[in-house]
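TrEMBL has this to say about the protein:
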BINDING   Gly86, Gln87, Thr88, Gly89, Ala90, Gly91, Lys92, Thr93  ATP binding site
DOMAIN    3-333  domain 'Kinesin motor'
Amino acid sequence: MSNVTVCVRFRPLSSKEKRDLGDNICIQSMDSETFIIKDEKEEGFTFSFDKVFYEESNQADVYEFLVLPIVRDTVNSINGTIITYGQTGAGKTYSMEGPNILESDEKKKGILPRVVDGLFACIKTSADSTKYTVKLSMVEIYMEKVRDLFDLSKDNIQIKESKTQGIVLSGATEISLSDTAEALQSLSSGIANRAIGETQMNMASSRSHCVYMFTLNQESISEKRVKSGKLILVDLAGSEKVEKTGAEGRVLEEAKTINKSLSALGNVINALTCGSPAKANHIPYRDSKLTRMLQDALGGNSRTALLCCCSPSPSNASESLSTLRFGARAKHIKTSPLVIKVSEEKCSKKNGDASGTRDESFEKILEKMSERLNDEDIKLLEELFIQAGLFVDPDSEGTWNQPFKMLFNKPFLH
């Protein structure tokens, strides 16, 4: 089990904020992890996170600390999720994409293009006996419907759950990527289809939650097996106060839907962190498309990182405090990013090797067991198997270990 990594990023003051209040800011830096923020009544609140990126921080700092470790894990077939969260106009999309997904200035590149560079760089340095395939899907959650940004005719994609793959998007377009240039062009075409609108807080306000999904399949030629890892990046639409954004008509309806889904996300965070460890707690993942899609990232099999984006201006102190409290709660979430999905190659059967059939039988039996056993039963079984030497090391890739890891890392346990 590991905690969600939570970082905070304060963007520079906007021109409007400077016009209204000059260079005044509501935060006081203590060190690289701790700061004090003052609300409208000048009351101070102290927060500590894994890392704080102040106004002078650059894009590379955020990527190298928060994202790069997860990229490397994904190449090693460990699922990862990176989420940007904050009020509208706080710098989420700039942190995720940069000024443009095709930005050539290295200093301005956002998380997404750096992830693409990082994935293919890791693949290039991998062993010659390993073959990688990379696929990309891109959707947005707009007005509580999941839309395919590579195929706009698919405007109501269904979210389903698979025992082997976790949460999946049924019928979403997957594009095969061969190199960095192709990946960036594909991302650019998808981003062009995203819903945006103008508000008083943001000239190009995201009106949807955008989700980028990279799937890496790793084929070991010598060991005759395929492992897969999934990397999900989520650029959330910002929370909005109507009196500040001036939203009307369609934009107002969008704002209501955005705020409702973010509220559902907050409820999930509360349920995950406020329940009793000894008692199973209902987690309301199904209350919104967003929380359903993030089910694995928040309560299951993923290494997860959250970047809370904030304005340093006193005029936005209330919204920044709300974002920081959300991040502080999320910090207590524990995930289990250790399940590595492995499938044996069929060629072993052709050579008279029955181990593939044996493993499949084990998996079917254990799947049925996991549906019938409760949390305490499974923990006792795990202790028994470890003492018997059948389940030695959670990180081991042994043939016997793989089926047992399916049982001991079921998403509903976390």
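Residue positions begin at 1 at the first shown residue.
Just so you know, glycine gets a Cβ as well, placed from its N, Cα and C.
Counting only residues at least six positions away in the same chain, the Cβ atoms of Thr84, Ser206, Asp235 sit under 8 Å from the Cβ of Thr93 (ATP binding site). Across all of the domain 'Kinesin motor' (3-333), the predicted model scores a mean pLDDT of 91. Here the binding-site residues are Gly86, Gly89, Gly91; the one with the fewest Cβ atoms within 10 Å of its Cβ is Gly91. The 10 Å shell around the Cβ of Gln87 (ATP binding site) contains 25 further Cβ atoms across the protein chains shown. When other Cβ atoms within 10 Å of the Cβ of Ala90 (ATP binding site) are tallied across all protein chains shown, the result is 26. Using a 10 Å radius centred on the Cβ of Thr88 (ATP binding site) and all shown protein chains, the other Cβ atoms total 23.
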